[in-house]
Amino acid sequence: MLHLAGQDSRTLARRAGISLEDARRITGAVIGRGAPLRDARNVRRSVLDEVDALATPGELRLLESVDAKDGFRKYLFELPDGLRVETVRIPLYDTHHVVCLSSQAGCALGCAFCATAKLGLDRSLRSWEMVSQLLAVRADSERPITGVVFMGQGEPFLNYDEVLAAAYALCDPAGARIDARRISISTAGVVPMIRRYTAEGHKFRLCISLNAAMPWKRRALMPVEQGFPLDELVEAIREHAALRGRVTLEYVMISGVNVGEEDAAALGRLLAGIPVRLNPIAVNDASGRYRPPDEDEWNAFRDALARELPGTPVVRRYSGGQDEHAACGMLASRRRGD
């Protein structure tokens with residue numbers, strides 16, 4: 001896949017100095033159909049030559065794909081420099097798919113419950129490497145792909161410009177044609193970039209990984225709390241909600257750690273008056289250090305949330321793909337059996 005696959009048609013037109021119409025035709029070929037540049041229709045050869053001269057050859061190599069029992073499919077890709085990343089295809093309603101993309105090879109944030117954190121950070125992905133994950137999964141899918149979540153390996157807001165470039169390439173009507181409202185970008189709470197994202201007015205859904213409402217507890221789970229404290233994060237959430245609408249807060253539930261009555265009460269105090277959606281999800285920890293709550297613990301936590309955050313949507317996310325380590329928090333860039 002060429003470097004230009006990571007650009008939307010307007011960016012391509014500006015950088016290549018070509019007409020927007022030609023850029024749309026090229027985007028339609030490379031991203032819309034997953035075809036080579038030379039297969040762009042109704043574009044003069046001289047224009048293709050100009051664009052080709054700007055493109056950097058490179059491709060993602062599919063090393064392996066494995067199917068979980070519940071229909072999730074995990075892909076292991078090798079990047080041009082030999083690094084590996086994983087991508088997950090998520091089935092929805094037996095009619096379409098959502099794709100979970102990685103934005104970095106590894107991650108530097110060190111969240112205690114996440115397998116990717118144990119890898120450390122090798123590098124950030126380029127926009128075309130993220131778009132190419134989607135194109136490879138699409139080529140392997142009979143059902144349409146109608147949504148994208150930047151929730152795979154890495155911290156998207158520590159690769160801000162490339163992630164936004166990929167998101168705009170994916171929602172380009174000339175390319176992948178994914179509704180921008182169905183593209184979600186998740187962050188562990190990089191406050192300056194949240195504020196920049198809010199100020200710039202992007203149309204994608206913002207998701208923030210919260211996981212605890214007490215600073216000391218969040219710091220133990222997420223070292224990012226040391227650099228971007230909870231009070232600053234909540235102010236950034238409040239600002240975004242006021243200007244751009246409801247924020248989705250992800251909450252990894254860990255038995256005996258963050259699902260007690262006191263945790264629900266702390267969430268109620270922290271989020272009072274802020275329009276948010278809370279998405280709890282059970283922890284997935286292959287190491288066995290952390291356990292998900294059982295049904296009684298979840299039910300008690302849910303009821304406590306209803307009391308402490310009346311009117312706040314609380315939607316429990318399904319934790320799929322566990323048997324093949326395709327679930328949230330389990331991506332470790334390994335082949336099956338490694």
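FYI, residue positions are counted from 1 along the chain as it appears here.
Cβ from N, Cα, C; glycine included.
Close to Glu86 (active site, proton acceptor) in the fold, though at least 6 residues off in sequence, lie Lys74, Tyr75, Leu76, Phe77, Ser102, Gly152, Gln153, Ala326, Leu331, Ala332, Ser333, each with a CB less than 8 Å from its CB. What Swiss-Prot lists as active site, proton acceptor is Glu86.
Summarising model confidence by region, the domain 'Radical SAM core' (93-322) averages a pLDDT of 96. Feature annotation from Swiss-Prot assigns domain 'Radical SAM core' to 93-322; the stated evidence is sequence analysis.
Taking a C-beta cut-off of under 8 angstroms and a sequence separation of 6 or more, Cys328 (disulfide bond) has the following same-chain neighbours: Met151, Val252, Ile281, Asn284, Arg317, Ser319. The feature disulfide bond is assigned by Swiss-Prot to Cys100-Cys328, with similarity to another entry given as support.
Taken from Swiss-Prot, the feature [4Fe-4S] cluster binding site covers Cys107, Cys111, Cys114, and the record attributes it to similarity to another entry. Packing around Cys114 ([4Fe-4S] cluster binding site) is summarised by its Cβ count: 25 other Cβ atoms lie within 10 angstroms of its Cβ, all protein chains included.
The Cβ neighbour count for Gly154 (S-adenosyl-L-methionine binding site), using a 10 Å radius and every protein chain shown, is 29. What Swiss-Prot records for Gly154, Glu155, Ser186, Ser209, Leu210, Asn211 is S-adenosyl-L-methionine binding site, and it gives similarity to another entry as the kind of evidence.
What Swiss-Prot lists as active site, S-methylcysteine intermediate is Cys328.
Residues Leu109, Gly110, Phe113, Ala115, Thr116, Ala117, Ala188, Gly329 surround the recorded [4Fe-4S] cluster site, their Cβ atoms falling within 8 Å of the Cβ centroid of Cys107, Cys111, Cys114, which are themselves excluded. Cβ neighbour counts within 10 Å, taken over all protein chains shown, single out Asn211 as the most crowded of the binding-site residues Ser186, Ser209, Asn211.
Nearest Cα neighbour of Ser186 (S-adenosyl-L-methionine binding site) among the listed recorded positions (Cys100, Cys107, Cys111): Cys100. Cα spacing between Cys107 ([4Fe-4S] cluster binding site) and Gly154 (S-adenosyl-L-methionine binding site): 5 Å, rounded to the nearest whole number.
For the recorded positions Cys100, Cys111, the greatest number of Cβ atoms within 10 Å around a candidate Cβ is found at Cys100. The recorded positions recorded for this entry are Cys100, Cys111, Cys114, and the Cα of Cys111 lies nearest to that of Leu210 (S-adenosyl-L-methionine binding site). Under DSSP, Glu86 (active site, proton acceptor) is assigned to a strand (E or B) in the three-state scheme.
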